[in-house]
Every structure is written in C-alpha cells, then in structure tokens.
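What follows is one structure encoded as structure tokens, with my remarks underneath.
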Amino acid sequence: MPSFDEVLKEAGEFGRFQKRVFFLLCQTGITFSFLFASVVFLGPAPDNYWCRIPGAAELSERCGWTLEEEQNFTVLPLRLENGSSSGKCERLDIVWDTSVSCTSPLARYRNRSVGNLPLAACHNNWVYKQPHSSIVSEYNLVCGNAWMLDLSQAILSLGFLAGSFTLGYAADRYGRILIYLLSCLGVGICGIIVAFAPNFTVFLIFRFLQGVFGKGTWMTCYVIVTEIVGSDQRIVGIVIQIFFTLGIMILPGIAYLVPTWQGIQLVISLPNFLFLLYYWVVPESPRWLLTRKKGEKALKIMHNIAKHNGKYLSPHYSEITISNEEVSNPSFLDLVRTPRMRRNTLIFMYAWFTSALIYQGLVMRLGIVGGNLYLDFFISGAVELPAALLILLTIDRIGRRLPFGISNIVAGIACLITAFLPEDMPWIKTTVATLGRLSITMAFEIVYLVNSELYPTTLRNFGVSLCSSLCDLGGIIAPFLLFRLAAIWLELPLIIFSILAVVCGLLVLLLPETKGISLPETVEDVEQISSHFGKCGKKRKHRDTNSYI
C-alpha cells in the first residue's frame, strides 16, 4: 500500500494541474495585500480643511461665497492674528448673523483684534475641499478624533487575529477549500458594506469582519498550495509572497486612478467574488481528506491530478496509506503536548511576533522618502522583491534553517548599526536600514514555509494560523512600541529590534532542517524529524496504518 507522497510522485509533484491551481491561488496574495495596506490610501490626511463658524454656511449662501472665499473671510484672519492657530481644530467663538457684511464680516469686531477674540474647540463642523476623498474627511477623523484612524487599522489586525483562530480551526475540521470559498465571499460582502458604511461604527464592525475573512483566504490558500505539491516544490509558498509584494506595488496605481475612498474600497474588494469560481477548478486537499478517513475522495482527486499532468497511476494505487491518527477538534494543547511539537510551536510563535514587529517598525521608521505618496509606496514594495529572489536562490541549495537564522541575525545587526550611525550620514543610515528591512522580509517569508512544513496534516492549518496570530499581535504593538520608545531616544526602538531579531535568529537554528523531507502527516512524524537526517516518510512503516479503497 503506497503512501500519499509515493502516489503524488507518480501523479506528478508539480505538473500542469498543480501549476494551474498554484497560479489561481496566488491571486489571493494580491487581494490580501490590498486589504493589509489599504489604510494608506483609504485614510490620507486631507490637505485643506477648516472648522466652520456657526452661521457661516448660511452667510456663505447669502453672500454667494465660494469655499475659498468663505475660508479667506472666516479662517484666514484667525491664522494671521493668532499664529498658533491653524483654524483646523479651533474656531472663533462667535456666531454670524444676517447683519454681517459680506465684504467685511469681522467689521463689527473692529474694536478688538481677532487675536483677542475667544476660541472654541471644533466639534463636527469641519469643511473639506474634497469631502469624500478619504475616510478621514468622511467620518471627521481629524484633530481630537485623529486616533480613530489608528483604531481602524488596529481593528483590522484584531480581525486578522480572530480569523487565525476561528477559520484556522474551521479549515482543519471542515476542509480547506470550503473555508477558503466562504472567506472569499465574506471579504467581498464586508468590503462592499465598508464602502457604504453610514457611520464610523458600522465601518469598524465590518472592517473587523473583513480582517477575519481576509486572514481565512490568505492562510487557507497557502496551506492548499503546500499540500498538493511534492516536497521538492514547496518553495512555491515563497512565490506566493511575491504576489503579495506585487499587490503592494499595484495598490498605489489603483489609488492614483480612483479618486474616492469608496471607489478604492470597492475595487480592492470585488475581485474576491471571482475567487468563488475556484469551486469548479480547485479541489479539496487530498492530504486533508486522508486525515478525515475519506480515502476514496482523495484517490479520485489523485487520479484527476495524474490525468491533467499526463500521467497514469498504476493499478495497485487503488489504495493509499493513511494514518490512524485523527484530530477532530484541534486545540493549543495538541501543539505543545510532545517535546518537539512544543519546541517548534514556541519558536514559531516568537518568530512570527518578532518578524511582524520589526518589519512594520522599520517600514514606519523609513517613512516616505519623497513627496509623491504613490511613487514612494510603489518603491517601498519593489524593495521587497530581492528578498524573495534571494530565498528562491538559496533555500533549495543550503536549506531553510540557515537562511532563516542568518536573515534574522543580519536584520538585528543592521538595526544596531543604524542606531549608532551619526545623523550627518543619512544615506548610509538609510542603506543599512534598508538592508535590515530586506533581511527581516526574508525571515518573514521563510517562516510561512517552515511553519507549514513542521506541523502534521491533522494540525497544519490550525497550527500555522495559531502561530501566525502572533504576527497580528506584533502588528498591533509595533506603532506603540516605536513611537513611545522614540520619544525617549530616537534610536531606542532599533536597539530593541536588534535584540529581538538576534534572539530569534539563534532560536530558529534549534529547528530541524526541512529541505527535501516529506510533509509530516502525524505528530509522530514531527517527533521523528531530526535536525540532521531523515525523511519522515522513511519512518512511517513503524506506525499503524489503514487503507481506503
């Protein structure tokens, strides 16, 4: 009775069928990157806005003022007389009436300078030159409400976190492709509701749900891809990261062409409905079917794969070896019950947290290098492409563990050097900081691959989702850690980043090498993988097996 990997090798480990499925699922990386980074273009701060004085709207209508004239008559004098006031977060504490002159509305206060007139804080009376250009102007997220824009991104990250737990568990229990399709439907529906949210509360609720479903699409498509290819082809998981980067590079083009935030939101959300067509072309993971005692369905899919790949399965492939082990309700205890599973889980949780924290911290530190947001954002995405290329060039030659550890250590050293470089060497500081970003990007992309390779099929989706949830926690903490510590000393965050990265680099060296090994199907397989030798497939003859016809 052949094992699944033997059948997969006979059917084709990366033939025409897998390449088609791989290309289709890679598109999920583009749409997920849209969701991940969309706040940059959904919520840019408006350039020109001011606080309207009560009665100014009626006066403006009576006098026939344009918005520029209203601003000049009611806000400009305040700016000229009171240099500390911009007229954006406070207004003159007066009320216009019908007796005010259209040509000199402040004439009645000629005995008092404008600078001596009382001021009042602005509350929901803002006027925007472009009122629907961003969620900031749509929901008045300015002045004292500016923190709500950060809240919207934190809510999205919380959605990612919730999606990691709930949909990761659901995919291991109910199937990869079912949860993937439901998640795509959820992202699309929630995205439309977000675009037409009547108030900020509704916006936040469905932004959270979009994060939940978005994480479901991303994690599930990644697991499907890694489970239908052979052990020598699992670097396709790295290529998915390239599509994420392509999405980062495409997003500013969409934002440049679409003038309103609602339009941008719709453009980045609607493509998720197209993924529902995958129901007819992307099969359920045969590995998952075997773990659920559905050998007949798995074998049927394998015959279909072989047919599309121009292969033919031998007659004795009417049975496939599957494991007795079944985890119907995976939990965190399943990930830490045995020694090596426990070690792997704790290291991966720390690696995910560190990668996200440092990556986002370095991105925020570098900031915008020029005056063109669209071009700068495109370049920031292009910087990440060499990281994926370096991984593709090294990961199958020297393995996973060494590049994983070295990239973290180099990132830590780069952060440390950047912290102590003098300020009069800006180009060198930027270059070294960019090296740190490239290195942590490599680490970020490798952790996806290695994490999926060191969990058994019965726990893979749940395990990867749970560990990657620490990534979302790191994303929530990153801005607070960066700005709080920078207030004490500008370079202090880099010192913290360097310590975290170097420790992570040393810890991942304790993980076993996964280059060329078969994906483990049970916890026993994981325990048998050593740091120095062996394919877990060689050990499988020692455990009990069943077969399904």
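Note that Cβ sites are derived from N, Cα and C of the backbone, with glycine treated the same way.
Note on the domain 'Major facilitator superfamily (MFS) profile' (97-516): mean pLDDT across this stretch is 82. As annotated by TrEMBL, domain 'Major facilitator superfamily (MFS) profile' applies to 97-516.
As annotated by TrEMBL, transmembrane segment applies to 21-42 (among others).
The transmembrane segment feature in TrEMBL is assigned to 151-170 (among others).
Here TrEMBL flags 177-197 (among others) as transmembrane segment. Only residues 6 or more beyond the boundaries of the transmembrane segment (177-197), in the same chain, are considered here, and those with a CB under 8 A from a CB of the stretch are 28, 31, 35, 163, 167, 170-171, 203, 206-207, 209-210, 212-217, 220-221, 224, 262, 265-266, 268-270, 272-273, 275-276, 278-279, 282-285.
Tertiary proximity for the transmembrane segment (203-225) is limited to same-chain residues at least six positions away from its ends with a CB under 8 Å from its CB atoms, namely 21-22, 25-26, 28-29, 31-32, 35-36, 135, 139, 151-152, 155-164, 166-168, 170-171, 176-177, 179-180, 182-187, 190-191, 193-194, 197, 236-237, 240, 269, 272, 275, 282, 285, 448, 452, 460-461, 464-465, 468, 472. Here TrEMBL flags 203-225 (among others) as transmembrane segment.
Per TrEMBL, transmembrane segment is recorded for 237-258 (among others). Beyond the transmembrane segment (237-258), the same-chain residues lying 6 or more positions past its ends with a Cβ under 8 Å from any Cβ of the stretch are 22, 25-34, 36-38, 40-41, 221-222, 225-226, 264, 267-268, 373-375, 377-378, 380-382, 384-385, 388, 391-392, 395, 445-446, 448-449, 452.
Look at TrEMBL and you will find 264-282 (among others) tagged as transmembrane segment.
Marked as transmembrane segment by TrEMBL: 347-368 (among others).
The feature transmembrane segment is assigned by TrEMBL to 374-395 (among others).
Among residues of the same chain six or more beyond the transmembrane segment (402-421), those with a C-beta under 8 A of the stretch's C-beta atoms are 351, 354, 358, 362, 390-391, 394-395, 428-429, 432-433, 435-437, 439-440, 442-443, 446-447, 450, 491-492, 494-495, 497-502, 504-506, 508-509, 511. For 402-421 (among others), the entry in TrEMBL reads transmembrane segment.
TrEMBL lists 427-450 (among others) with the feature transmembrane segment.
According to TrEMBL, the transmembrane segment annotation covers 462-482 (among others).
Among the features that TrEMBL reports, transmembrane segment is placed at 488-511 (among others).
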When you check the transmembrane segment (151-170) against the transmembrane segment (488-511), do you get at least 3 Cβ pairs under 8 Å, counting only pairs 6 or more apart in sequence?
-> no
Verify whether three or more Cβ pairs under 8 angstroms connect the transmembrane segment (21-42) with the transmembrane segment (488-511), leaving out any pair fewer than 6 apart in sequence.
-> no
Looking only at residues six or more beyond either end of the transmembrane segment (21-42), which have a C-beta under 8 A from one in the stretch?
-> 134-135, 149, 152-153, 156, 184, 187, 210-211, 214, 217-218, 221, 224-225, 228-229, 236, 239-248, 250-252, 254-255, 261, 264-265, 268, 271-272, 275, 278, 281-283, 373, 377
